[in-house]
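Notes follow the structure.
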Amino acid sequence: MTSKISLVVMYPKNSIISSFCLLKKPLLARRSCNSNSPKSKSYSKLIIPKTISLPPYVTGEDYVVPHSAEIKSPQEINDMRPACLLAASILKFVGNNLKIGMRTDEIDALVYAKCIEAGAYPSPLNFKGFPKSVCTSVNEVVCHGIPGSHTLKNGDIINVDVTVFYKGYHGDTSETFIIGEADEQSKSLVKAAERCRDAGIRVCSHGTPLSVIGDIIYNTATEAGFQVVPFFCGHGIGRYFHGPPDIVHVPCDLVGDQKMLEGMTFTIEPILCDGSPDIRIEDDGWTVVTQDGSRSAQFEHTILVTRGGFEILTMQA
Ligand SMILES: [Co+2]
C-alpha cells in the first residue's frame with residue numbers, strides 16, 4: 001500500500017507541474033505524509049478470530065513509528081520474513097484466481113480468508129479507516145481502490161495490493177494483473193510499471209543515495225512513454241505499516257542525500273499512467289483516480305538493503 005507524499009513541490013524535473021494541492025503543503029507537514037483523512041471513515045465490523053494478533057492501530061495501543069529509517073538486526077529481519085513471504089503467497093493465489101465476472105469484493109473475501117487461515121491480520125483493514133482487507137485498483141484507479149461491486153471485465157487491468165501483519169511484522173506487495181485480453185497500450189503500461197519497480201530495486205545497495213531510486217524509475221518510465229504518478233511513495237516497513245524512509249519514485253531535490261544502509265527495509269511501488277499524472281480523490285476519501293481517466297498500473301515489493309545489494313523479501317523462492 002502506498003503512502004501519500006506531502007513533500008513541497010514534489011514533481012519530476014522537466015515535467016509539467018500538477019496543480020494537485022498535495023504539492024503545496026509545507027515541508028513541516030512532511031511526517032504526516034502517511035496520514036489519510038477520509039471524509040467518511042467506515043470501519044469494518046468484521047470479527048477477527050481471537051487467535052490472530054492485531055496491529056496496534058486496531059487495538060488502539062500506543063505504538064511508535066521510528067522518526068528515522070530503522071536499521072534492522074539480522075534477528076529482526078528474520079522475524080519479518082514470514083510476513084513478507086505470506087503476503088507474496090496470498091498475492092500469487094489471488095492472481096491465479098482472478099477471472100472475468102469476478103467482483104472486487106470477492107477478491108477482498110479471498111484475501112481475508114487466506115490471511116485468517118494463515119493466522120495473519122490483513123493490514124489494510126481499519127488502517128486509518130480503510131474498510132477492507134486489500135486494495136483493488138482497476139483501470140483509471142491509481143491506488144487505494146476499495147473492493148466493492150465492480151465486476152472485472154475482459155481487458156481490465158487491476159492492481160491488487162496485499163499487506164499482512166504476521167508474527168508482529170508487516171509485509172507489503174502488489175501487482176497489476178490483466179483480465180482476459182487487454183489492448184496493446186495497457187499491456188505495455190503494465191510491463192513498464194513492473195520494469196520500473198524492478199529497475200528501482202536493482203539500484204539498491206548499502207551506501208547508495210535513496211534518490212537514485214526515483215531517478216531510475218523516472219527514466220525507465222519516460223523511455224517507455226509513460227509518466228510516473230509522483231504523489232505516492234514507498235515507505236519503510238516493519239512492526240509498523242508505514243514509516244520512514246519515504247521512497248519517492250521521481251527525481252526530487254528534496255529527497256536530499258540520505259543513503260540506503262544495510263538492514264533498512266522499505267517498499268518500492270511506482271505507479272505509472274498512460275495519460276496525465278494528475279489525480280483526484282473520490283468522495284470515499286480513499287479511491288485515487290487519474291483526472292483524465294487514463295489507466296494506471298503499479299507493482300510493489302518489500303526489500304531489504306544488504307551490504308552488496310538488496311534482497312526482495314516479498315519474493316517466493
Ligand atoms: Co506499500
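Backbone N, Cα and C define each Cβ position, glycine as well.
The feature substrate binding site is assigned by TrEMBL to His144, His242.
Following the DSSP three-state reduction, the secondary structure of Asp172 (divalent metal cation 1 binding site) is strand. For Asp161, Asp172, Glu300, the entry in TrEMBL reads divalent metal cation 1 binding site.
Around the Cβ of Asp172 (divalent metal cation 1 binding site), the number of neighbouring Cβ atoms within 10 Å comes to 30. According to TrEMBL, the feature divalent metal cation 2 binding site maps to Asp172, His235, Glu269, Glu300.
The domain 'Peptidase M24' feature in TrEMBL is assigned to 79-306.
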Hey, of Asp161, His235, Glu269, Glu300, which of those binding-site residues are within 10 Å of His242 (substrate binding site), Cα to Cα?
His235
Taking the mean position of the Cβ atoms of Asp172, His235, Glu269, Glu300 as the divalent metal cation 2 site, which residues outside that list, in the same chain, have a Cβ no more than 8 Å away, listed in sequence order?
Met1, Thr2, Ser3, Asp161, Thr163, Thr173, Ser174, Gly234, Ile237, Ile247, Phe266, Thr267, Ile268, His301, Thr302
Entries of Asp161, Asp172, His242 (binding-site residues) sitting next to ligand 1, with Cβ under 6 Å as the cut-off:
Asp172
According to DSSP, does Glu300 (divalent metal cation 1 binding site) fall in a helix, a strand, or coil?
strand
